[in-house]
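Notes to accompany the following structure.
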Amino acid sequence: MSEVVEVNSSPVMIIKNPSGTESPAPPYQLTRSPLILDTVNQTNPKSPFAVITPLASPMKKAVKSMQNYLEEIGHLTKLDPQEDWLPITESRNGNAYYAAFHTLSSGIGIQALVLPLAFTALGWTWGIISLSLAFVWQLYTLWLLIQLHESVPGTRYSRYLMLSMAAFGNKLGKLLALLPTMYLSGGTCVTLIMIGGASLKIFFQIVCSNPTCNANSITIVEWYIVFTCSAVILAQLPNLNSIAGVSLIGATTAVTYCTLTWVLSVTKNRPNGISYEPSETKSDITKICSILNALGIIAFAFRGHNLVLEIQGTMPSSLKHPSRLPMWKGVKFSYLIIACCLFPLAIGGYWAYGNLMPTNGGILSALDKYHGHDTSKVILGLTSLLVVINSLTSFQLYAMPVFDNLEFRYTSNQNRPCPWWVRMALRVFFGCLALFIAIAFPFLPSLAGLIGGIALPVTLAYPCLMWITIKKPEKYSAMWYLNWSLGSLGMILSILLVLGAIWTIVTQGIEIHFFKPQ
């Protein structure tokens, strides 16, 4: 039987074998054998676990490396297993390229085409100043949201509603963020069905210009159905990362038709009677409402803040490589392209049409109204087709939070991931619901100013207030003043836009017609 002996009163352990030979004790005996621990305790009672041997150094490094790894994992991967079942977070292999594709696709769209209309009320100077300030403001709040994604050790806020509840409390957080985020997701999908269906009809009318072809044989409701069926089929892609290629296509089409419309408008002759003076109004209240409406158009041109946390949630993250770094790289690249699209579109469109800009459809309607006769049908048809493709791809991105919420309800009740047929059924159900709303309430775009004013704090105000609540910057510091000022100003602007929208509805009225889309 082996015997443990002590050498020079040192805790180095030597095993004397029955044959008389001596050898160092194996590493596992230094930590596992009770006999060894007893000997060490007798030798060095003040430090019973101190082992100084040539073998201890690599062991110590290995233990320390394992401790650092466990600390890192424990800091950032305290994830709910349910996260792996939901479409937003089930795949975490995203990167800066995916972030750029998603951000660009969600940040630019058909709403940008009405930007020149804001200049008709603000004029050149205030129009450019307002657009520039809004761009910087929303880019700053986007940066805040990216930083807040992992603001609490061990937690990743991969949904806007989660961050709102963490900042303001469960009840108040839901009250403030649930309706706006659901409108910005589900309401946008309804609007995309209307835009996509109408653009499909226009494209068909351009292509089917032959007298023998009856372009009006298909109603607008049938075009809505065609668009929705296409969107639902495309929506069967499982998760947010899987639609990165779809977002790339959507971003490309949006940049193309935005650039195409303002380039065509600038290169054509300007219509007669053009003026750049702000439109005159009958009363001061009407003038104030028109200014508020213009500010609302500029504010609504920047969208996608309700999706930025979801996009960042698809990325891997660690202490050494936090997700905020590739996310911010992707956002900076995408917003450079967005700026190169929106500013020429707003300035060039206003230069081309001035106060003759149509109130419905923006620069696209102006191009058709004033230059439809001298513009190639190929170009007009291509523009309509690009709008359709962009609407289809944007539908996938904005519907993903709705899909995620529906599957969250299922997995919470069943405590298991959604089978493929349940996931498919949920997405078909949402597509049918959005189609029904688009057909039943075709006047919803007339309420866009009112509902958009309610949702505006998601972009301009809540991120600033959430930063103060979670990060708790030093009182009266620069960040404290900046975020309180921007948060308060964003809430005031939201209230003014809602009041202006209500005043416009009361004074001008809206045409309400159920189940009669036009």
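Using the three backbone atoms N, Cα and C, a Cβ is placed for every residue, glycine included.
Quick look at what TrEMBL annotates:
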- 93-503: domain 'Amino acid transporter transmembrane' (DOMAIN)
- 96-118: transmembrane segment (TRANSMEM)
- 124-145: transmembrane segment (TRANSMEM)
- 183-204: transmembrane segment (TRANSMEM)
- 216-237: transmembrane segment (TRANSMEM)
- 243-264: transmembrane segment (TRANSMEM)
- 333-353: transmembrane segment (TRANSMEM)
- 378-399: transmembrane segment (TRANSMEM)
- 420-441: transmembrane segment (TRANSMEM)
- 447-468: transmembrane segment (TRANSMEM)
- 480-506: transmembrane segment (TRANSMEM)
Which of 333-353, 420-441, 447-468 shares the most C-beta pairs under 8 angstroms with the transmembrane segment (216-237)?
420-441
Under an 8 Å Cβ to Cβ limit, what residues of the same chain, 6 or more beyond the ends of the transmembrane segment (480-506), are close to it?
137, 140-141, 144, 285, 288-289, 292-293, 295-296, 299, 446-447, 449-450, 452-454, 456-457, 459-462, 464-465, 467-468, 473-474
Cβ-based contact of the transmembrane segment (333-353) with the transmembrane segment (183-204), 3 or more pairs under 8 Å
no
Contact between the transmembrane segment (447-468) and the transmembrane segment (96-118) (3 or more Cβ pairs under 8 Å, separation 6+):
no
Tally Cβ pairs under 8 Å between the transmembrane segment (124-145) and each listed stretch (96-118, 243-264, 378-399), then give the stretch with the top tally.
96-118
Same-chain residues at least 6 beyond the ends of the transmembrane segment (96-118) whose Cβ lies under 8 Å from its Cβ atoms:
127, 130-131, 195, 240-241, 244-245, 247-248, 250-251, 254-255, 258, 261, 293-295, 297-298, 300-304, 307-308, 311-312, 314-315, 326-327, 329-331, 333-335, 337-338, 341-342, 345-346, 349-350, 353, 357, 359, 361-364, 366, 387, 390-391, 393-394, 397-398
